[in-house]
Amino acid sequence: MSETATWQPSASVPNLLKRAAIMTEIRRFFADRGVLEVETPCMSQATVTDIHLFPFETRFVGPGHSQGMNLYLMTSPEYHMKRLLAAGCGPVFQLCRSFRNEEMGRYHNPEFTMLEWYRPHYDMYRLMNEVDDLLQQVLDCQPAESLSYQQAFQRHLEIDPLSADKTQLREAAAKLDVSNIADTEEDRDTLLQLLFTVGVEPHIGKEKPTFIYHFPASQASLAQISTEDHRVAERFEVYYKGIELANGFHELTDAREQQQRFEQDNRKRAARGLPQQPIDNHLLDALKAGMPDCSGVALGVDRLVMLALGAERLADVIAFTVDRA
């Protein structure tokens, strides 16, 4: 394909046909298990507060809103899907577009396809097993292995991420030759993420998918804190062949705790000179009304298809990446 023929799709037609077959297979997987497919908005009046996520923003100027209404493209359908759970929809899944105003590259595109699903009355481990089932079916891979976040750091970096102070984390960073980044970073979780990315990720999920679970409580996001060890959150991620595929939680259902986390995120954003984001009060109201105890997971479909097809980059499995959009 000519480099100058930018009207043409990024992916080949055979790859797009294979992608369509995988989408059908995913829907069949959930239909066979009685999980309802839902559709939720791509835009919202509120957005994520996470300091590491950057949403696209637009304005609605239609009738009744001549002064304009700020809207955000969804980085994930999570908040709307949790409102459906609180309304009594039962187990739900969604295949949808998500948007993040971040990087573009081998594994990233600002517009991407997300598979997200929620299972009432599932704990984190039961959902991990279901994710493993889906990966084996779509990728024809071996059953996954599991490591706690603590075990992964101890195995590959010989450091305990739950007890190490920032000086010890910087010493570990020096051994990985990333002191130029670590020495000026004051946020402990950012240091941990740096070490995980550089020192752990390259060593896991090579032959089979690998689940990393029980992230530090400070990285709980929307997950519950473990009742067995308050230092960790009921959160997991799964990696395969150098790619992060999914991020899952035993979901937080306490509205007050969730609001406190949103507010803490905004304080961190302010400290970093980032804009504070509007908190989703609809989600908080849904939690107050009573969302069932559940676990949920978000999985990057484009990355899944890339692995299934043995492709080298997302552009090989997306019809039009942002540079051709």
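Our numbering is plain: 1 for the first residue shown, then up by one each step along the chain.
Placed from the backbone N, Cα and C atoms, the Cβ positions cover glycine too.
Substrate binds SER76, PRO77, GLU78, TYR118 as Swiss-Prot records it, and from the list GLU234, GLU237, GLU244, GLU251 the residue named for this site is GLU251. Per Swiss-Prot, the ATP site holds ARG100, ASN101, GLU102, ASN109, GLU244, LEU245; the candidate it also names there, chosen from GLY290, GLY296, GLY300, is GLY300. Note: the Cα of GLY300 (ATP binding site) and the Cα of SER76 (substrate binding site) are spaced 11 Å from each other. Checked against ASN101 (ATP binding site), the binding-site residues SER76, GLU78, TYR118, GLU251 differ in C-alpha distance, with SER76 being the nearest.
Look at ASN109 (ATP binding site): DSSP puts it in coil. In the three-state DSSP reading, GLU78 (substrate binding site) counts as helix. Report note: the substrate site is defined by SER76, PRO77, GLU78, TYR118, GLU251, and the residues of the same chain whose CB lies within 8 Å of the CB centroid of those residues, excluding them, are TYR79, HIS80, MET81, LYS82, GLU116, LEU222, GLY296, ALA298. Nearest neighbour of ASN109 (ATP binding site) by Cα distance, taken over the binding-site residues SER76, PRO77, TYR118, GLU251: SER76. Here the candidates are the binding-site residues SER76, PRO77, TYR118, GLU251, and by Cα distance the one nearest LEU245 (ATP binding site) turns out to be SER76.
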